[in-house]
């Protein structure tokens, strides 16, 4: 618990008193099922042992004082519960504001302020959901602090709403759901249209999940994420003229092939094809994992990346370089981009004995080609967000 002692010292230095409670919210990695969540499809994410810590103490007034060790230079960000508007100078604390504002709108009134210290071990902008981790962390803190008695699925939904309506990023439910509902050593098969979910045990004996970060600067809100979403919505509208469906995730591959010529724009056709095929790939991948067939699972991961590169066009030279170098390496059974894309991370399944060699070799070759180093994390699968003292 050394990290908690370190954070306690920081809390005392900044707020001149002890914290009352400490919470942890994981990051997440999606093993397969990318850009399917807002298309009514399935995703297969898991929560990680890296994440965000939150130390908190209540106040008697209506002020919130927030400090992040990851944004030291911004100091303490102070705002009033009477003025929960998004503003640029409040930077990362807008995520906290957004969750409070959304709780209020749902009738869970937050009437007291608090002091909060955040520390995240998830690299910002890595695509491992540092923003959703902060949102869910804020949600469970509010739930505990004000004894609101809200179940985790409702917290998750409100956190997604905060990101959509307050922050302005049109994300699906996957990030917040996997962070709130994660389970140690399991991945979650989530149907994003119904929120039905089931856990699959990850039997990784002899293998490791290795995440490689491109370290490319990226911003989700101003990336092409919203553009992809509207392209899929436009394709869906055309398909709805001939078939009674609510989302692309309802179509099988065969149904899509039969109907695809209805989509007049070739770009929108490619976007829709990815959404349909990726959803089916995800379902096949879960079956293979449940049968302990890691080889097929890896093959489907590779196919997922190709589709994200060619049909969805969200990869870029950095992610493509990491994946192609991974697939040339010994002991790798699957590799793909994970997250929204446009930078961020890849996830690879690597034989344990080859992990060091994998990292050294890719680091050197990527740096030579791209001009700066990637970072690597060997991750374990964790429980969802929770109070830890």
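Keep in mind that glycine also has a Cβ here, set from the backbone N, Cα and C atoms.
The active site, proton acceptor annotation in Swiss-Prot covers 175, and the record cites sequence analysis as its basis. Secondary structure from DSSP puts residue 175 (active site, proton acceptor) in a helix.
The substrate binding site annotation in Swiss-Prot covers 34, 35, 36, 37, 225. Its Cβ placed at the centre, residue 35 (substrate binding site) has 28 other Cβ atoms within 10 Å.
Annotation comment: Swiss-Prot describes 68, 125, 126, 127, 128, 129, 130, 131 as ATP binding site. DSSP classifies residue 68 (ATP binding site) as strand under the three-state reduction.
Taken from Swiss-Prot, the feature Mg(2+) binding site covers 131, 163. The 10 Å shell around the Cβ of residue 131 (ATP binding site) contains 26 further Cβ atoms across the protein chains shown.
Non-local contacts of residue 28 (site 'Transition state stabilizer') by the CB criterion (under 8 A, 6+ apart in sequence, same chain) comprise 45, 46, 47, 48, 128, 129, 132, 133, 174, 175, 178, 179, 182. What Swiss-Prot lists as site 'Transition state stabilizer' is 28.
Residue 131 (ATP binding site) falls within a helix when secondary structure is assigned with DSSP. The residues near the substrate site, meaning same-chain residues not in 34, 35, 36, 37, 225 whose C-beta sits within 8 angstroms of the mean position of the site's C-beta atoms, are 33, 38, 39, 43, 172, 174, 228, 275, 278, 340, in sequence order. When the binding-site residues 34, 35, 36, 225 are screened for a Cα within 10 A of the Cα of residue 131 (ATP binding site), none qualifies. Mapped onto three states, the DSSP output places residue 28 (site 'Transition state stabilizer') in strand.
The secondary structure of residue 37 (substrate binding site), as reduced to three states from DSSP, is helical.
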